[in-house]
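Trainee: Can you keep this structure in mind? I'll have questions shortly.
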């Protein structure tokens, strides 16, 4: 197999590993607030929203050390050990305790920072200027298959269930734990790229298993000379910071809040709980379609990234408006028995699922282009750059999960509309910075 075929295979294996891991973790995040509401133990007093806020808050802070960890042990081992932590978090729901729930939330936040920094580095060192857009799309599409498979399982497992019993919960989370472990072990199949396929010596050094330097020197170098905040110059700030908050808010909404809202709508009948899974399937279909069309197939090269991001903004605005009309305002904070309030139209399952699809499509439009532009601008120091990107994204996600405990639905939608609009404008500026700074490169091949 030639160097180009090997790097493409690495991207596919990376995507499958994340697909298995996040089949488990994203399904867990989608249902955990509903599961917690149905939990029978009087000794457990946790909140799914609070747990996710802790995860993303710690995730944000841990991006300070993530590049150093990846530099010392390499991206493969970084992703493997992080995957084990993810599996532990999911397994905790088999017999949950309040202390273990929140402790696991803190640990998985640290693991998440290391996992995504290593992922960004592997994506970059296995790509060139000509393939970074394609590879971002392939990875994104495979990752989002996780929404499809995991939520399909939930739909059939919980079909017709008004209450989630302890047996239902344990069966689901044992299965998800095993699936997550499979994804972790897949990372060992990733091969080191050939030297000519590696864009830079700086990125390649993260894959070295042997070094003449001590681990402490490598870690210090990764933290200081390649410090994540060195990426935040005047131009690169627009790329890595300003467009990131909308993706964090949208991640919170589609991965945890919207499914809870659908499950709380008593007007949807006895199948409302299983509709959480069906909603996740439609989100996944939108993510896969967007990742395939705008990333893997690279249909928009002639016009750059801006049209794709603009399409994502419009798609989200349509979805938010329909959700505002269709879902009761107190749905995010409704008790286990659900809400009996009605929004502005007769609640419709079809409209709710259409919105799920639009949320996934819009999110994929934005994120594939963010991955592409960050990987393109910072290929010589990719780990810190992706750490900055995830740092800002996870801060906004943590804030969104925190206020989801208190804010009614229409206020949450309004925040996403405002931040989404400002984030899109910031992305346009970032794209202009890329074009201006790379006049001498083959930009049209991105």
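From the backbone N, Cα and C atoms, a Cβ is placed for every residue, glycine too.
Heads up, TrEMBL stuff is auto-annotated, nobody curated it.
Not my notes, these are from TrEMBL:
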TRANSMEM  6-25  transmembrane segment
TRANSMEM  46-66  transmembrane segment
TRANSMEM  99-118  transmembrane segment
TRANSMEM  138-158  transmembrane segment
TRANSMEM  170-190  transmembrane segment
TRANSMEM  275-297  transmembrane segment
TRANSMEM  309-329  transmembrane segment
TRANSMEM  341-362  transmembrane segment
TRANSMEM  383-403  transmembrane segment
TRANSMEM  409-430  transmembrane segment
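For each listed feature, how buried is it and what is near it?
Mentor: Packing against the transmembrane segment (138-158) from elsewhere in the chain are residues 8, 11-12, 14-16, 18-27, 30-31, 119, 123, 164, 168, 171-172, 175-176, 179, 273-281, 283-285, 287-288, 290-292, 295-296, 360, 364, 367-368, 371: each is 6 or more residues past its ends and has a CB under 8 Å from a CB in it.
Nonlocal intrachain contacts for the transmembrane segment (275-297), taken as residues 6+ away from its ends with a CB within less than 8 angstroms of a stretch CB, comprise 26-27, 30-31, 34, 133-134, 136-138, 140-141, 143-148, 150-158, 254, 258-260, 262-263, 268, 308, 312, 349, 352-354, 356-365, 368-369, 372.
Beyond the ends of the transmembrane segment (341-362), by six or more residues, the same chain brings 144, 147, 250, 253-254, 258, 262, 265, 267-268, 275, 278-290, 311-316, 318-319, 322-330 to within a C-beta distance below 8 angstroms of the stretch.
If one looks beyond the transmembrane segment (409-430) by at least 6 residues along the same chain, the residues whose Cβ comes under 8 Å of a Cβ in the stretch are 238-239, 242-247, 249-250, 253, 257, 261, 305-306, 309-310, 312-313, 316-317, 320, 323-324, 327-332, 366, 369-370, 373, 396, 400, 403.
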Trainee: If we call contact 3 or more Cβ pairs under 8 Å (sequence gap 6 or more), are the transmembrane segment (170-190) and the transmembrane segment (46-66) touching?
Mentor: no
Trainee: Can you work out which residues elsewhere in the same chain, 6+ from the ends of the transmembrane segment (46-66), have a Cβ less than 8 Å from its Cβ atoms?
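Mentor: Here the qualifying positions are 29, 32-36, 96, 98, 101-102, 105-106, 108-110, 112-114, 116-118, 223, 228, 248, 252, 256-257, 260, 383, 387-388, 390-392, 394-395, 397-399, 401-402, 404-405.
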Trainee: Under an 8 Å Cβ to Cβ limit, what residues of the same chain, 6 or more beyond the ends of the transmembrane segment (6-25), are close to it?
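Mentor: Counting only partners 6 or more residues beyond its ends, the transmembrane segment (6-25) has Cβ contacts under 8 Å with 79, 83, 86-87, 89-90, 119, 122-123, 126-127, 131, 135, 138-139, 141-143, 145-147, 149-150, 176-177, 179-180, 182-184, 186-187, 189-191, 193-194, 197.
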